[in-house]
């Protein structure tokens, strides 16, 4: 018999009476009146092993094993005694009567119990190897594998070719910071780790590969949040000779396929489509969570002449906005709840949170409860009631500031209330999956500090055909052929139709204040390639980490990555990053300069 004949978690009634050889780790050892029970674990699950004292040598070994010992068990599969079955285990109706027990490798005492659900993330990441033995982590990483496998199967069936692109490439600092790699051979010069394979996949379209994909690592040296990592995995795709609509249809179908085949979820037969401007107007976000039923109401125009300066000042400011958020049945919220929400929106730059409780609509002003009502004239109050559709028992929250602050703060409040216990109890949030496409993004954003336009997506995104004329006259009016796929408030993918004509690409560079010499230095290889009959092309990139996080119901993308970094971009397991030897620095012609001490 080989070292292992079956996986522990796959031993069931079909093997009754058969001798099996199992290998795994001791999850738990119990001594019950002279009989020792071992829960043996491998990647497929648990099986109960019974060690009877009749076999003295084997029993003596069993007495010495402890949690996380790596062992081999040989024994016979039998039914568990009546009343001792475990419906929670696939192997719960059987047990293995041990004939032979071999300790393949002992274990020191683990720093924690693997079934402890209250471990700090620091402990888990420091002892990641043990953490990965936990069933939930095993499940998450196998789910990740299945998602990648289904993506490959789907794209292969549609004629896509998996092509690797370079990991050592040229630094083009437009956007997030690059991770730089010094060149020993070319002193004083640096490679950059790719933020995405963007330019290479466009070059592959020019090179007539027609349909490309790869599941690849990307790197961005940016401040980290719960859903960000310095290195992350992208499902990167590009295709030639398809329109924007055809590209969206193709990858919408792929998304449906992957969700159905991996977790059995049937996404909408047709995803909703929403322009960027509508998403910002209704939800204050370009990745709205459509499960939450609350929406903004625009009030800027109605608040221009009120005596309440908190409203009238932003209403009369170029970039100002006044918006309301009606919460059905919110009148039952306590003053403590309101104060808590007020402090919450301050996180997003809001100076405060105005509110009105609707006690009785029919009474007009007299039916409202709020410290701000006295500062609003009748026309403003009528506009609030009519536009929000307020009913008795509701509360209306208001945000008034620069549009970005209003969108960020009221958008965050919308999600907080919707997903709260109050929101769930009052039907303000739906269960399930709500996918949509957000389209018609601005081509450019204006950077006040740099006094120039910057690319809202990236500088290789094509403007809409009817907006080409604005590139040189009014770039702020340009909309892009860009699209994001959003699911339950998470952007899981984004892409665009690309610029495929050299003259248009040069115009975009000029709009970004990238001069001809700088453009040639940074992107000359792309501009040259576009002159050789480049085809119309476009694509998309999905965030594999985010998709698996959502499918697994995990708290963080760190729970679906085998060896992740912390929010300080550190690997607690290997202690990276670390100092390097002075000799290595000399070989790279690098001298370290100590950071200046802050006063």
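Keep in mind that glycine also has a Cβ here, set from the backbone N, Cα and C atoms.
Site annotation (Swiss-Prot, ligand ATP) includes 220, 221, 222, 491, 543, 544, 545, 546; from 214, 229, the additional listed residue is 229. Listed ranges 186-189, 190-193, 194-197, 198-201; the one Swiss-Prot annotates as region 'Aspartate' is 198-201. Residue 457 (L-aspartate binding site) sits 13 Å from residue 491 (ATP binding site), taking the C-alpha atoms as the reference points. Classification of residue 83 (site 'Important for tRNA non-discrimination') by DSSP places it in coil, neither helical nor stranded. Taking Cβ-Cβ distances under 8 Å and a sequence gap of 6 or more within the same chain, the neighbours of residue 544 (ATP binding site) are 144, 147, 148, 215, 232, 233, 234, 235. Considering only the recorded positions 32, 220, 457, 498, the Cβ with the fewest other Cβ atoms within 10 Å is that of 32. Taking 83, 220, 498 as the recorded positions under consideration, the smallest Cα distance to residue 546 (ATP binding site) is found for 220. Counting in whole angstrom, residue 83 (site 'Important for tRNA non-discrimination') lies 49 from residue 491 (ATP binding site) by their C-alpha atoms.
Counting in whole angstrom, residue 498 (L-aspartate binding site) lies 20 from residue 491 (ATP binding site) by their C-alpha atoms. DSSP assigns residue 544 (ATP binding site) to a helix.
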